[in-house]
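This report refers to the structure that appears directly beneath it.
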Amino acid sequence: MGESFSTLRLFTSSVVKSFSLSAGLFQVATDNDKTSTTSGTSTGTSSTSTTVRYAGGSSVTTPSGAGGPSSSIVSQHPLARQPSNVMAFFQNRSLSLVDMYIDTSEPTENVGEIQFSLEYNFNEMTLILRIMQAKELPAKDLSGTSDPYVRVMLLPDKKHKLETKIKRRTLHPKWHETFYFEEFPIQKLNSRVLHLHVFDYDRFSRDDSIGEVHIPLCQVDFSEKNNTFWKALRPLEKNKCGEILTSLCYQPSNSQLTLTIIKCRNLKAKDINGKSDPYVKIWLYFGEKRIEKKRSEVQFCTLNPEFNFTVTFEVPWERIRECQLNITCKDYDKLGRNEAIGKIILGKAGSGTSETKHWSDMITKPRQTVVHWHRLKPE
């Protein structure tokens, strides 16, 4: 089946709303009069449920009620009936989405934690998400509290958003809400990232972001029944430049230092079309002295370029600890001056914790390729 959804239906107690979209069919049902795509308000802790139905074939079942997903699945995926195939599928899953969405650097500030659980019903092809609670959220209101709610997305789809109810005047909200993604083929688990984004509701202005977390479903062991997580929320950073994936390898036998610029993601747009034309410039330093320069090819009209650009430098072992690599990502401009997007420094005096650790790992693991994501810093 294709990757597009044709219709999104939001079911309330008395109204059905339809929207034209692209790829398959999603249906959303909730057990109260308020649709899950609009923030509700509540101060209680009673459990509620929302059903999202993904129709992978020709069959579409009736929306389920509050008690859980419907069992009237017309057809089951063959993997659901063959445990050996299921295990083989999970063992061979690709982790490419981890590179797309996961930030492995240290959070810039503490904005609380969120608790949730994930489960996959192989017989009914249903992904079950339970959002339980959050704790130690920052205060966003003058009263010293917040009005938090959670927005749910299954990336890379950013059009379909689900939301929990709003919990008034609390920094430790308890939602206990369940989301059922019905008729969700097992293959989709390999190509979706769960995105939970906590907001503070504001009646008179734009809702404030509190923090977010990304969970690639390919990393979750759905053979386990109890996948309950506490995850630290990460704040949305202002003036983000993007991130760069690099690998380092040092060969002491021939004094060869190898650097590969693999790719970048979420680069800052520098052109009026909302894109950039990025390339990477690399300088090798010994102390304060610039020794050698390398430059990659330009990748046009993209914020997520793939370079796979490898360079080698001759660096004697006795000087490996005094050298550093200055890596700058720039936007190419045919008519004007090329503008810096962001930079990092790899070396003993790196530009951040992850950069210093990457260099240290390379030195302590000679002849091994060490790969790290790094957050680009403004130049």
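Cβ atoms are placed via backbone N, Cα and C, with glycine included.
Caution: TrEMBL annotation is automatic and unverified by curators.
The feature region 'Disordered' is assigned by TrEMBL to 32-72. Per TrEMBL, the feature compositional bias 'Low complexity' maps to 35-72. According to TrEMBL, the domain 'C2' annotation covers 110-231, 240-374.
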| query | What counts of helix, strand and coil residues does DSSP assign across the domain 'C2' (110-231)? | reply | 9 helix, 63 strand, 50 coil
| Composition by DSSP (helix, strand, coil) of residues within the domain 'C2' (240-374) | 15 helix, 67 strand, 53 coil
| query | Can you give the mean pLDDT for the domain 'C2' (110-231), rounded to a whole number? | reply | 92
